[in-house]
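Chemist: Below: one structure in structure tokens.
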Amino acid sequence: MNKPLRRIAIFCGLLVFALLVRDNWLQYVRADDLKDDPLNRRVAIERYATPRGDIIVDGKSITGSSTSNSSDFEYKRTYKDGPMWAPVTGYASQAFGATQLESIDDGILTGNDDRLFFRNTLDMITGKKKQGGNVVTTLNAAAQKAAYDGLKGRGKGAVAAIDPSTGAILALASFPSYDPSVFAGNSQADAEAWQKLQKKANPDEPMLNRALRDIYPPGSTFKVVTAAAALESGLYTDADEKTDSPLPYTLPDTTTELKNEGTIPCKNATMRVALQWSCNTVFGKMGVDVGKDKMLEEAKKFGFNSEQFVPVRSSASNFPEKMDKPQTALSSIGQFETATTPLQMAMVASAIANDGKLMKPYMVDKLQAPNLDVLEQTEPEEMSQPLSSKNAQTLQSMMETVVKDGTGKKAQISGVTVGGKTGTAQHGVDNSEKPYAWFISYAKLADGSSPVAVAVVVQDEEAIRDNISGGGLAAPIAKSVMEAVINSKQ
Amino acid sequence: MSSTTNTSQHHTSTIGAIGTPSRRNTELALLVFSVVIPVFAYVNVGLAIDDKVPTGLLSYGLGLGLIAGVGHVVVRKFAPYADPLLLPLATLLNGVGLVVIWRLDQSKRLQLRSTFVEAAPRQLLYSALGVALFVAVLVLLKDHRILQRYTYISMAGAIVLLVLPLVPGLGVDIFGARIWIKIPGLGTVQPGEFAKIALAIFFAGYLMVKRDALALASRRFMGLYLPRGRDLGPIIVVWIISILILVFETDLGTSLLFFGMFIIMLYVATERTSWIVFGLLMSAAGAVGVASFETHVQQRVEAWLDPMNEYLLSQKGVPGHTEQSMQALWAFGSGGTLGTGLGQGNSDLIGFAANSDFILATFGEELGLAGVMAILLLYGLIVERGVRTALAARDPFGKLLAIGLSGAFALQVFVVAGGVMGLIPLTGMTMPFLAYGGSSVIANWALIGILLRISDTARRPAPAPAPNPDAEMTQVVRP
């Protein structure tokens, strides 16, 4: 009987061996996947086990932590002026996870980042409780407030403002917005508040970050990109050179006439005049003359057709890659399939204001350890050069005329040179929906430096259709944002 | 000759009994570790959770010490040649199990559950009862061969135990499996744990008698010995019973355990590989056949194949689904190589049955890969000592009983640990000694008692041969 006994012994050994192998697979090979699985509640438990580090604007925290009475979580995230800052912070909720900065820099905020490992180990030895680090943003509180207050009560809209010389994001506002505090916890009330904010229950989509994650047809504001392409391609070299622009202008290969808004002096107008009055005919034809390839190339240099990471991801703006000539004409005046995030248009304005150099946009200045040591400092970085310094200055003078004498008069600031461009973008089937009012601009100080470029988009449900124009609705918001930045610099 | 005679009195015999050391002192030394390690673990949990040494330390230490001490004294007196490892191994597993059960008692998350009861004091009581049964086995069962007389009574007992959970009003359905009975005032009992031992006794007694018929009367076909039709009877009966368990008690684990135990014992008794082939074919056919119509079994298999989907379904509130499997996997993964340390994990997220069926996940999270491997090796050692006992046993009944009990033990560890770790579909059984549950801990102490009895008989020095009148004449060597 001993031979089968020995075989059974081997069989039992194999059973134990199989368990050992499986255990190694689970606890060694797959350990990290399982440990960091966002559905694994330990991730959230860990996130709220210590007071979370703060997100900081202008030296003050816009977030906080309070003790939580939940059985799983010791602390709960709190927000100051939650709706205003939500597009910057995102949210960190015990029940619903974390997004945007709260998610991207979670390691720093919870104190679990590898860079804090040594410090944590020391703390463990000395018996100190683990602490989270801080995320210091580039945002400007006054500009953000101006942007949010400007949007508030205007229906839907968004503002993005950038420091052209560095790419630092100064304002990032979206309206309607939400207060991340209301669902930061894990209770029934939190769940109800969350449900109310979802698209299903709330068609206004308050949780949509319009500044980064929604794309809108840019309308006439896109004409500055077309102008940049014309200058760069050498089609025209001077702002005051007559363009070859017939009126009426029939779209190539069609019998459709491209219309201007009202009776404006567009026939063979100079680029300056055409931009001043926002001539569709001039820029439509200009796009066709530059050609779709060079238009696309220029748009891409400004950042179109790729996602931006600031470090929060922004949607890719779109300039169509395949189109025929009439479509090229429409795309060149910001219609057809051209669509952009507010951030993208702020990047366009900032590149022009920065003499042609586009700086990579970013909103995290530095990451700090709990003792305020800097763990990571973001250095400004050049992303591309969409146009030469000379052409940039030509475009600046044109945009400054728009504000001085054209459609953008409402953005004028005394003592400051402002360049801008209005836009009114129709959308919906047969333009059935209310248009978007756009305004992009930059401010230039007496010393020639430009501290801010801004893009504003507003869709006002209440406004009468005819009254919607970038100059009327969006320009005042852009103005107050620029003023806030200039005042805070002084 | 009495069994206590030693060699020095028989140096006149050329084949005198070889001096087998009793190893009782080895056992005592190991037992000290088996008590000290859990006591340290207990202090560790207290410090981790409350920053202080737990107040119950003295009673816990004394309780475990008493269990080990009584066990040891009884073994020394009644089974002096028994295997020295089994008692310390069982004590250690029982001890760390108690610590982890106590640790889960401290969990605020589990305390919020409506079904929460402090499990550790009860488990300590069950352990004491288990050791009492262990003592009773060693004291009352002078020779394991006595059990052979109760072959058919064991069978009847096993069947009654297996059927009990199906009796209306007595059986309770917990999470789909009907393997518990409720005794008012005492709580629930899992009769299957006791049936395991009764069945092993029955199989051993039955196969010892029938093994020649089963082994020899066969035809050779394609290299396999095919049993005669009428010899297939017993295996088919056991197979049908296993299938019935699976269908009516919807418990894959118990079914697999009994059938597996029978196949192992049949193979050892007959030395015919063909039985294993038959057994595997039949269990595969049975499992697939039942799974084709039994939704509970299907669900378990689906949950095993895609635990994440099972988790998501349970979060959506779809009835009949449970998050436990995925929670257990997360617990293991979060433990990593060295674990979070006792008292510092979140394995209580498993919720229901965290301290019984899923207790291994707490070891996984808090003691890590290292801790679980150590636990698995402790189980492996128990099985190894059991198999060694079977090898050493001199009588076929003892061999069969020892291999049946250790084989069933190995299968149970595999089925439970494999289920919790997602290696095989989950079944409702408990880790022997570690898990909270009176039936399990009491039955397994009895199992260890029987193994010790067999091993004592096996390792006991053989009685010297009857005095040979010619002994003096043939004597050639004298020390």
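Quick reminder: no glycine exception, Cβ is built from N, Cα and C everywhere.
Nobody curates TrEMBL annotations by hand; they come from automatic prediction.
So TrEMBL lists these for the protein:
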- B:28-49: transmembrane segment (TRANSMEM)
- B:55-74: transmembrane segment (TRANSMEM)
- B:86-104: transmembrane segment (TRANSMEM)
- B:124-141: transmembrane segment (TRANSMEM)
- B:153-181: transmembrane segment (TRANSMEM)
- B:193-209: transmembrane segment (TRANSMEM)
- B:230-248: transmembrane segment (TRANSMEM)
- B:254-270: transmembrane segment (TRANSMEM)
- B:275-293: transmembrane segment (TRANSMEM)
- B:358-379: transmembrane segment (TRANSMEM)
- B:400-427: transmembrane segment (TRANSMEM)
- B:433-452: transmembrane segment (TRANSMEM)
Chemist: The transmembrane segment (B:433-452) vs the transmembrane segment (B:193-209): three or more C-beta pairs under 8 Å (separation of 6 or more)?
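Modeler: Result for the transmembrane segment (B:433-452) with the transmembrane segment (B:193-209) is yes.
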Chemist: Between the transmembrane segment (B:193-209) and the transmembrane segment (B:400-427), are there at least three Cβ pairs closer than 8 Å, leaving out pairs fewer than 6 positions apart?
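Modeler: When sequence-distant Cβ pairs are counted, the transmembrane segment (B:400-427) touches the transmembrane segment (B:193-209), since at least 3 lie under 8 Å.
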Chemist: Are there residues at least 6 beyond the ends of the transmembrane segment (B:358-379) whose Cβ is under 8 Å from a Cβ of it, and what are they?
Modeler: 89, 92-93, 96-97, 100-101, 103-104, 324, 327-328, 331-332, 334-348, 350, 409-410, 413, 416-417, 420-421, 430-432, 434-436
Chemist: Find the member of B:28-49, B:55-74, B:400-427 that has more C-beta pairs under 8 Å to the transmembrane segment (B:86-104) than any other listed stretch.
Modeler: B:28-49
Chemist: Is the transmembrane segment (B:124-141) packed against any residues at least 6 beyond its ends, judged by a Cβ distance under 8 Å, and which are they?
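Modeler: For the transmembrane segment (B:124-141), the sequence-distant neighbours (Cβ-Cβ under 8 Å, at least 6 residues beyond its ends) are 60, 63, 66-67, 70-71, 74-75, 78-79, 94, 98, 147, 437-438, 441-446, 448-450, 452-453.
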Chemist: Between the stretches B:28-49, B:55-74, B:254-270, which one has more Cβ pairs under 8 Å with the transmembrane segment (B:400-427) than any other?
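Modeler: Result: B:254-270.
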